[in-house]
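Here's the structure we're looking at; comments come further down.
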Amino acid sequence: MSGATTASSGDHNNLRLPTPTLDAESQTLLQSISAEGGYAYARMAVLAVAGDQSAAEAARDMAWEQLHSGPWHSVLPVWRDAYSMACLHVAKIHFAAGEFGEALGALDMGLIMGGMLLRKDLHDSVLLVSSEARKMTKSLEEASGDFKGERLVPEVPVDVNEVRHVLANLQLLVLKILPCRSLTCKRVEKRSGLSLEGFLRDYYLPGTPVVITNSMAHWPARTKWNHLDYLNAVAGNRTVPVEVGKNYLCSDWKQELVTFSKFLERMRTNKSSPMEPTYLAQHPLFDQINELRDDICIPDYCFVGGGELQSLNAWFGPAGTVTPLHHDPHHNILAQVVGKKYIRLYPSFLQDELYPYSETMLCNSSQVDLDNIDETEFPKAMELEFMDCILEEGEMLYIPPKWWHYVRSLTMSLSVSFWWSNEAESSSS
């Protein structure tokens, strides 16, 4: 990966990444790796400590092969930690050379694919490298201030007649692109400033979806994330995994690793084709990029019923991205930070009528393509009752466990999902 940010030759004589956990655990970790047959890795790692870039990259490649030697759940934790170690060695060498882009790329791969042992070293190193990189470019403080750059989603015109015209055209467009019968059945109820007691009584316990409005205004993300200059400043050089293709059920679907700035550029210019959109989907971005994590707040609703947060994921993509009909095992709040989405929901008791896949890996996904229903193959699906809504910017949707849902972005969209369960639900799921 080519570094976007590099220090001049005279600026990096004293650049060093402190890695206290790696320093303390290195010998023990190498012994554990050797015990699993990783003798060649251990030899390369020793050379990497001395600054041998080829050896550091060779060790990283060896660990990468182990990560892809079988199903992810079967990979030994020691090899995940080995990959983190190698990424740190590669990053240290690039950082010492003032190659900040390459260093950040290596650290991000460690955060995305590595184990937990060296995670603090990875995070702390990202902060230090990012700080040095910002000295060479526009500062974060400037980008966080008075935003005047390009917006991801244009502001609505203030002229009343123009607003009506835009809304009328938007409604016609939406109806053309949405699945058959959209917005004709029961709409998901919207509640403004819903109390925790009301949420528990009326929606959580009965297991009923609800759209909650006026509960995200205090999030810094509500203003910051609509500005490309801010997103590029805090995360532009970071490496993220993206999906390319219509959706994960299609044969041509694939994954790529790109810098966040390249991903934003694809969204902004709509360079990906409608059949191959680029989507940053269900990625724990906020475990990786702390600055973006600081821009959001965990809704208090996620702690109702003695709940514990299970995962926190980002869903960033252009208009037209689709998550096909599926269900999840946990309570879910989907917070719409930028843009808008159409969401259709079916209750869990309609599982048989929605024809789930029999394969274990896809058993939570429906064979029914709502965008093109085959009535001959799936005769029960066409007439099923459902609930749906258009989730507007600044709104949150509560989706109960096991409720089937289909999601389509109507504009460029940045969303955050919060999954949570109580102890009893976690043990049974």
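The first residue you see is number 1, and the count goes up from there.
Any Cβ shown, glycine's included, is placed from N, Cα and C.
Here's what Swiss-Prot has on this protein:
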type: BINDING; residues: HIS326, ASP328, HIS405; note: Fe cation binding site
type: DOMAIN; residues: 272-429; note: domain 'JmjC'
Exercise for the section: Enumerate same-chain residues with a sequence separation of six or more from HIS326 (Fe cation binding site) and a Cβ-Cβ distance below 8 A; give 'none' if the list is empty. Expected result: ASN364, SER365, SER366, TRP404, HIS405
Practice task
Inside 10 Å of the Cβ of HIS405 (Fe cation binding site), count up the other Cβ atoms and send me the figure.
Solution key: 22
Problem - CB-centroid shell, 8 A cutoff, Fe cation site HIS326, ASP328, HIS405, site residues removed - result: THR323, LEU325, HIS327, ASN332, ASN364, ILE399, TRP403, TRP404
Completion exercise
Within the same chain, the residues at least 6 apart in sequence whose Cβ is under 8 angstroms from that of ASP328 (Fe cation binding site) are ASN364, ILE399, PRO401, LYS402, TRP419
